């Protein structure tokens, strides 16, 4: 994804490379717990894990730098860079994202790690923000039929969507269209 000049990111390719590295070294991670592994095997596992974390954080830094540049272009008065969720409980990630914040004259704001674990809370908060912004539909009537269809979204950003923040150079691979579950269900009925 590095060739794409947008703020989206995916770890699919990196995870594949890790799996291939494990397979090429004949690591039996399923059968042998780390406590029973040889010293060489433990060291190899630690090296692969550390390499994964380093590359994953570099990728996150790259995308966050782009996002910060874009956000400052859209709203130059921004003073804070907020990092939350499970990723914010990782001190290595925090340190690297703090570098991005400082480099751009921003203050990193993040909850204590003990509050950065429950994505259910994040999802609920997203719902509250959408509700307060007036982006919601009234609940269905109590006598609504059971087969009523709803659109499901795996990702739902808090802010407005700006095409400039997405991509300058898109390949055919990133132009994948994911139809809503509702539209897929309706088309299968016809």
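For all residues, glycine too, the Cβ spot is worked out from N, Cα and C.
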Exercise. Which range, 81-135, 136-190, does TrEMBL list as region 'Disordered'?
Worked result: 136-190
Problem set entry | Helix, strand and coil residues within the domain 'Gcp-like' (5-125) as assigned by DSSP | 79 helix, 6 strand, 36 coil
Exercise. Can you give the mean pLDDT for the domain 'Gcp-like' (5-125), rounded to a whole number?
Worked result: 86
